[in-house]
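As recorded in Swiss-Prot, the features of this protein are as follows:
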ACT_SITE  CYS181  active site, acyl-thioester intermediate
BINDING   ARG78, GLY79, GLY80, LYS81, ILE82, THR83, TRP84, HIS85, ALA150, ILE151, GLY152, GLY163, PHE164, ALA165  substrate binding site
DOMAIN    40-220  domain 'BPL/LPL catalytic'
SITE      LYS147  site 'Lowers pKa of active site Cys'
Amino acid sequence: MSMAISIRSSTRPVEVRRLGTVEYLDAWELQRGLVDARVAGGSDALLLLQHPSVYTAGKRTEPHERPADGTPVVDTDRGGKITWHGPGQLVGYPIVGLAEPLDVVNFVRRIEEALIAVCTGLGLDAGRVEGRSGVWLPGDGLRPERKIGAIGIRVSRGTTLHGFALNCDCDLSAFSAIVPCGIADAGVTSLTAELGRRVTVDEVTDAVAARVCDALDGRLAVSGVSVDTYASGVASTQ
């Protein structure tokens, strides 16, 4: 499938919904309802929100990656491993009917490209790391590679759910209780930590909405390394 065309099966605009702060389980229930509606002929949607502090585990999470102190974790049906969501992190859930033939790798790359474009627009040298999902800042002599955006999705009946998270001004210490995304030899960062000024969720929400829609519809070209080696790890299909 050419990157110059839409990955969506619908030509109707994506309905962007800014929901504020939503409990994780409530958002998951909303996603499932929107998938049912999309399969029945409804519109694609992009949910943009924040969660109260919560750990969620994808289907590939190993026992040693969970909090050692027994902190509760919500087990999900998405791809990927364990991560944290909470205040100061923008979470996006694209509920999108994919065009045939289904190309999950293409979908993941487009979401990554959208987040890379947002980070680049703020002056950061963001990109991909081969063999690892998400959006990263390169390592240097003082710091390792640092993940600023995470992706974990599910495809059910040809429709995506779950999605991505972009660290804006969240409390990064929340990641210290886990092995985030199963990666022990790299760091986690935020827009605020990298730019040296507070970057709120509200500041980037419009840009994220625009870039995600651009990427899904082919208006934002995808570049960078192939994600074939890890796409199966961040996506779960049914």
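Quick reminder: no glycine exception, Cβ is built from N, Cα and C everywhere.
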What is the separation, in Å, between the Cα atoms of TRP84 (substrate binding site) and LYS147 (site 'Lowers pKa of active site Cys')?
13
Just report the maximum Cα pair distance in Å for the recorded substrate binders ARG78, GLY79, GLY80, LYS81, ILE82, THR83, TRP84, HIS85, ALA150, ILE151, GLY152, GLY163, PHE164, ALA165, no decimals.
16
List every residue in the same chain as PHE164 (substrate binding site), at least 6 positions away in sequence, whose Cβ is under 8 Å from its Cβ.
VAL91, GLY92, ILE111, LEU115, GLY149, ALA150, ILE151, GLY152
How many whole Å apart are the CA atoms of ILE82 (substrate binding site) and LYS147 (site 'Lowers pKa of active site Cys')?
14
For the C-alpha pair, I'd like the distance in angstrom between ARG78 (substrate binding site) and LYS147 (site 'Lowers pKa of active site Cys'), rounded off.
19
